[in-house]
Amino acid sequence: MGLCKRTVEMVVLTAAVSSLLLVRADEHDHKYTDKEEVVLWMNTVGPYHNRQETYKYFSLPFCVGTKKTISHYHETLGEALQGVELEFSGLDIKFKDEVMQTTYCDIELDKPKRDAFVYAIKNHYWYQMYIDDLPIWGIVGEADENGEDFYLWTYKKLEIGQNGNRIVDVNLTSEGKVKLVPNTRIPMSYSVKWKKSDVKFEDRFDKYLDPSFFQHRIHWFSIFNSFMMVIFLVGLVSMILMRTLRKDYARYSKEEEMDDMDRDLGDEYGWKQVHGDVFRPSSHPLIFSSLIGSGCQIFSVSLIVIILAMIEDLYTERGSMLSTAIFVYAATSPVNGYFGGSLYAKQGGRRWIKQMFIGAFLIPAMVCGTAFFINFIAIYYHASRAIPFGTMVAVCCICFFVILPLNLVGTILGRNLSGQPNFPCRVNAPAVIVCLGGILPFGSIFIEMYFIFTSFWAYKIYYVYGFMMLVLVILCIVTVCVTIVCTYFLLNAEDYRWQWTSFLSAASTAVYVYMYSFYYYFFKTKMYGLFQTSFYFGYMAVFSTALGIMCGAVGYMGTSAFVRKIYTNVKID
């Protein structure tokens with residue numbers, strides 16, 4: 001009863017966290033009445049060549065409109081972590097109410113302000129705004145051909161499309177180019193024009209997508225080619241293993257019919273000879289179990305988030321993808337505890353509480369440690385990517401009050417339901433293992449790497465989650481096939497230390513992905529400086545490590561089923 005009660009409490013707490021993550025306090029149904037206030041939010045400004053380096057819009061000496069009162073805005077956790085900094089523009093905009101060109105403020109351009117604008121123009125700074133959750137981008141200014149004179153765009157010409165009582169389209173035209181001269185007054189103006197549009201509200205984000213990029217023939221060809229290669233690989237591996245194992249079974253059956261003298265004179269070899277050692281506990285079982293549990297959780301999170309993204313179009317809401325991922329990760333913590341706890345119990349581990357803590361905090365500690373380190377650099381640069389202290393507290397509370405208790409529930413269930421050793425053959429007494437068997441090379445699938453990197457580090461919205469789901473399936477199949485083959489060769493060489501080998505051979509995917517990130521950084525981006533470099537390589541290290549842990553867990557689980565199967569089907573004395 002106590003466990004059931006605790007489980008119910010965790011479900012309630014998880015639901016509360018979900019509401020914190022996914023619901024805005026200023027929920028709006030996106031429906032307006034005539035002359036109702038429409039808010040223009042100023043978000044961030046930053047260099048065009050790195051969309052992840054962003055600063056508050058008013059960190060540049062722009063002036064604010066005259067209107068001061070505004071309905072309060074509360075950001076979600078995902079928005080806070082992604083550096084969304086919505087500030088009211090001060091511009092008076094009402095639904096269907098057109099505004100002729102109107103000056104809303106003046107910039108007193110002294111030398112420091114001019115230098116700030118010049119620096120922004122030299123580095124191709126763009127700014128982002130939102131109207132009814134629709135993003136708008138504009139450029140700060142431009143330089144002349146000689147790069148000596150610099151000009152600021154001072155006139156924001158807004159054209160808003162409305163379908164019935166909803167906003168379905170927003171366009172910005174920057175005009176009014178004014179030369180930056182110190183000690184002058186620069187008027188800033190705006191205008192609003194409303195037009196009827198046939199665009200459906202559900203399709204209003206289609207204009208931001210890029211079908212020619214993500215659905216290019218090369219993309220389709222790569223998916224099809226990889227899919228055919230996977231079918232060929234699975235067929236080849238299955239045929240080789242079936243024929244080889246059939247011969248092994250025939251040879252072992254023949255040996256059973258020999259008398260003891262003939263068997264002693266015979267040449268005994270192969271994977272049967274290590275049947276007493278193959279199910280021994282792995283070296284460092286506590287760390288190994290924690291890695292397997294974390295990898296299973298990452299796989300479940302990836303699968304669920306991709307399915308939700310395919311169904312819900314998460315790209316239409318700011319920070320919704322990250323908020324959903326955090327919520328799903330917290331809710332799937334029992335998966336981590338179940339697989340990690342049951343494996344640790346099967347291997348005879350006694351410090352299960354320590355294993356539970358390590359499994360629960362392995363991924364959060366890696367992500368939060370990297371994020372907090374980069375956060376210090378972001379604070380130094382006054383970037384909007386700096387995580388507020390309150391957000392840090394919220395993340396820590398989720399780890400301690402949601403992830404850890406749910407992981408405890410999963411660990412208890414795993415130890416009680418599937419924690420008893422049920423190996424198909426006798427296990428010899430454990431011996432001290434010095435070597436882990438080495439990391440075998442592993443080739444991964446890079447079909448989506450370029451598209452995913454471009455959507456995250458450049459101005460592309462990734463929306464082809466069907467491709468991502470197919471690639472995830474292909475990756476898992478290839479991982480299992482390769483690790484099974486590697487394990488079979490290892491056992492046939494009478495080396496029983498297959499657990500870490502199966503995990504590391506699959507997890508070596510992370511090495512290849514991180515190497516690819518170097519190529520992408522130097523040849524596909526124009527990033528520079530300490531902040532951009534540390535941000536890129538820090539989060540790419542987190543992504544690669546998480547991918548490696550997931551692949552390692554998938555490889556181990558598939559290999560474990562294979563090993564159990566072959567030793568179940570052979571007669572052991």
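Note that Cβ sites are derived from N, Cα and C of the backbone, with glycine treated the same way.
Pulled from TrEMBL, these are the features on record:
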type     : residues : note
SIGNAL   : 1-25     : signal peptide
TRANSMEM : 220-242  : transmembrane segment
TRANSMEM : 286-311  : transmembrane segment
TRANSMEM : 323-345  : transmembrane segment
TRANSMEM : 357-381  : transmembrane segment
TRANSMEM : 387-410  : transmembrane segment
TRANSMEM : 431-453  : transmembrane segment
TRANSMEM : 465-491  : transmembrane segment
TRANSMEM : 503-523  : transmembrane segment
TRANSMEM : 535-557  : transmembrane segment
The transmembrane segment (286-311) in contact with the transmembrane segment (387-410), cutoff 8 A, at least 3 CB pairs, sep 6+: no
Beyond the flanks of the transmembrane segment (220-242) by at least 6 residues, Cβ under 8 Å: 445, 447, 467, 470-471, 474, 477-478, 481, 484-485, 488
Among 323-345, 357-381, 387-410, 465-491, stretch most in contact with the transmembrane segment (535-557) (C-beta, under 8 angstroms): 357-381
Beyond the flanks of the transmembrane segment (323-345) by 6 or more, those residues with Cβ under 8 Å of it: 14, 17-18, 21-22, 76-79, 285-286, 288-290, 292-294, 296-297, 300-301, 304-305, 308-309, 314, 352, 355-356, 359-360, 363, 398, 402-404, 406-415, 417-420, 553
